Amino acid sequence: MLVVLLILHAVSCAHSHGSPGAAVPVKQCPSACQCEEDGILLLVDCSEQGLSSVPTDLSPLTSYLDLSMNNISEIQPNAFRNLHFLSELRLSGNHLRHIPGPMLQGLYNLKVLMLQNNQLERLPSEDPWELPNLLSLRLDANLIMEVPARTLSGMRSLRHLWLDDNALTEIPVSALNDLSSLQAMTLALNRITLIPDYAFRNLSNLVVLHLHNNMIRTLGQNCFEGLHSLETLELNFNDLQEFPVAIRTLAKLQELGFHNNNIKAIPERAFVGNPLLQTIHFYENPIQFVGRSAFQFLPKLHTLSLNGATEIREFPDLKGTTSLQVLTLTRAGLTSLPYDLCHLLPKLKVLELSHNVIEELPSFYHCTSLQEIGLQHNLIKQIEMNTFQQLGSLRSLDLSWNSINSIHPDAFFSLQSLIKLDLTGNRLSNLPMTGLTSLTHLKLKGNMALSRSFGLEDFPNIRVIEMPYAYQCCVFGGCSSYRSASQWEEQMGSEEEDFQKKSPSLFPIHTDNNYDLDLEEFQLAIEESKLQTSIQCTPIPGPFKPCDNLFDSWVVRLGMWLISLVSLMGNSLLILTVFTSPSYLSPVKFIIGTISGANLLTGLCTGTLALVDARTFGEFALHGAQWEMGAGCRAVGFLSVLASEGSILFLTLAAVQCSVSVSCARAYGKSPSLGSVRAAAVACLALSLAVAALPLIGVGEYGATPLCMPSPLPDGEPSTLGFMVALIMMNSLCFLVITGTYIKLYWDLMKGDFDSIWDCAMIKHVAWLIFTNCLLYCPVAFLTFSSLLSLFPVSEEVVKSVVLVLLPLPASINPLLYLLFNPHFREDMRLLLSRAHLNHDRNLDSFVSVDTEKSSYDSTQALVSFATEADGVFESLSVPNPETVARFTCPPSVALIPCQMQMKPSTDRENTGENLIRSAPGLIAKEQEHIRSSGVDTQNGTSIFSGAYHSTGPSAHSQVFT
């Protein structure tokens, strides 16, 4: 009751001293604010109202006033004169540049003053703020460059001072001398370069001091003198060149952070004056030397972090530091661990030794409290039976990115609490299953030799699993219930973020003082119950990683068999007739044969895939990994690319050869020789071999999919993506060259200014090849290119079907075009059958007499004489050479097909040559009949005739037939 009377008396006095017109009701709330009563006092919230000045109608009973996030740039001198009960004033987030001392007069009960996030450049020096009961002052995030000596002299009760994120260049030593009650201060995020001696000599009650994110290079030897109560010191993110030996005077120091500096050495007995140290964060320093006694005899130390000390080769001596619970020594140069590690650190819970060069592990038998071990990115090759024995509390074990090729069958036998195991990126071919039944998280990605199948019975509690192959996820429901890629990536992204935070990371680096593994696991369990309702297994099976069958549908399956059979039979027959026929092998005909050879390889690869599909029908997941990683898949991929590129390059050569032949015949009267065409074909073959060999040396990958071709999907390796794009661009360029070349060829033929007679069968055949191959390649190139670059959504099913059917389809169509529509095939077959029949007759009539042989000799001589005479006649005429005539007039069924629509007027000599050509078949036929009737060896006769034919050279071919 007495307190209430005193308050009312004070209020009445305040009104009596004011002008009558300015009287304010006791509990009136400003119109732009929200008020709440706190007993007889008033809490006023005027934040974020766009105010440009302090409201004038504030109640004198206001105890809390929030004016933050407004547009106030200046405060009137008497704005708070009557607010004697004000205990908290918030002016943050305004545009204040200066606050004079008189503005805060009379606020004797003010305990909290917030002025952060303004534009304060200077503090009052002549008229200091008289705030005797102020406990907390926030001046952070301003533009303060200096704190005058008398500014803080009226705040003798101040306990918390924020001066971070300003423009200070030195410690305000004089201003701090009057703050003997100060308990916490931050000077972080300034431009301080030096801490002088005795900078904090009167701050005997200071417990927390933050000096991080400055430019401090030098510390005075006695700079921390007087800080008898200091427990937390932050010197992180500075430019310290030497270890801060001045910390030895801080007898009560418990938490020390000076990571991200430029300190190169930790001296012997570095922390001898800090026996109560509990946490040391010293990572991201270029440490080259650590004294053996540096971390000895720190019985309270429970967290030690030395990340990034790349020059450390030996494990630090931790004798007497028996309370250590979290030890982090990552990105150092450790080559081994002491065998008595667990005797030295019996309470160790978290051991993080990633990114070192450790090759062998000691036994962790006596580290019974260990809950997390991180040994990723080392050189460990094998895990012995006793390495992790009796670690009943171990929950997380990270052995990823080592060279582990062997794990003892009982290595995990006693790990009953193990729930997370990471073996990513090793060389395992087998995984022991004993002791892994409690796992909820398992990572085996990157162990490409580990192709065995796993079952649900192997991991009954599994929730998240990463396998080397997508086929191994089929048993975990990957085919039926896998989520979309975006949803999976979202969760994986959240897991990566959580790696840096407190919740479900696989192997976090702990920096907090009060680390609680049980709390983390509890949080992890809650998150998993929310996010996961089924087993999440990656990589996710799909059309290019099928679970049941290599081919998704019977249409594709039957189509592949049909393409394979037609290609194998058709191309074999074509090659047989082209290269074994006794008829003249023209350059274009030779190229047609090489194209058929490439198509035969394509048919062989297609048939191999069809056989694999038949062999693994209904259970491809059991064999998919072995097929992908096997030599057979790589061979199929190599031959597929070789055949595909060879076919396109040979087709390009055929188009160019036809065009060049026409041009050369018009200009020089002859076409390129068969030898030059063969050399060009060898060059095309060499280029195809080089392209097909690139994935074998790491540019692309043949085993990325069970189709054994470089993956046409955008989620492949960058090298594979680049290889596929380059392949499509090169093939598209070839088809452009082919199209342009043949347009020019037809333009030249339409002019009709050639003296020679051309056989258009081959020219038309090459044109049909160009049309069909280009027509079939366009959708393949378009869909593959769109899929690789994600130009628009293309389902994997469509891409797979197109690649399987349309890509090898030309290999079956090309030979059919030749076998069904090209007259040269029929003639070559007739010659082959005739020769076979004659060979059979020769075997029956092998008892020829000497007289018969003589008559045969005479006939042969007559035939040679005829050929010689024909040579003389044709050399004097502008008509085709006689041997070419003989070759193509022997079969009377082959017709001369002129390409040009009109010919030049024939001369008498041309008519004479034409008559001779027309009479040649009769002469040769009569001679052959004479030979046959005389019982002469027809094969020898053919050979002699061929010799006579070749005596004049193949150049005549360019003037008559292709």
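From the backbone N, Cα and C atoms, a Cβ is placed for every residue, glycine too.
The disulfide partner of C633, as annotated in Swiss-Prot and taken from the candidates C547, C664, C684, C708, is C708. Residues 116, 129, 131-149, 184-196, 198-203, 210 of the same chain lie 6+ residues outside the repeat 'LRR 6' (155-178) yet bring a C-beta within less than 8 angstroms of a C-beta in it. Checked against N71 (N-linked glycosylation site), the recorded positions N202, C633, C708 differ in C-alpha distance, with N202 being the nearest.
Least packed by the Cβ count within 10 Å, out of the glycosylation sites N71, N202, is N71.
Contact count against the repeat 'LRR 3' (83-106) (Cβ pairs under 8 Å) is highest for 38-58, out of 38-58, 275-297, 391-414. Packing around C708 (disulfide bond) is summarised by its Cβ count: 26 other Cβ atoms lie within 10 angstroms of its Cβ, all protein chains included. In this model, the repeat 'LRR 16' (391-414) carries an average pLDDT of 95. Away from its own ends, the repeat 'LRR 7' (179-202) comes close to residues 140, 152, 155-171, 173, 208-227, 229, 234 of its chain (Cβ-Cβ under 8 Å, at least six residues beyond either end). With pairs at least 6 apart in sequence, the transmembrane segment (723-743) and the transmembrane segment (590-610) have fewer than 3 Cβ pairs within the 8 Å limit; the two do not touch. Taken residue by residue with DSSP, C708 (disulfide bond) is part of neither helix nor strand, so it is coil. A 10 Å cutoff on Cβ-Cβ distances gives C633 (disulfide bond) a total of 23 other Cβ atoms nearby, all chains included.
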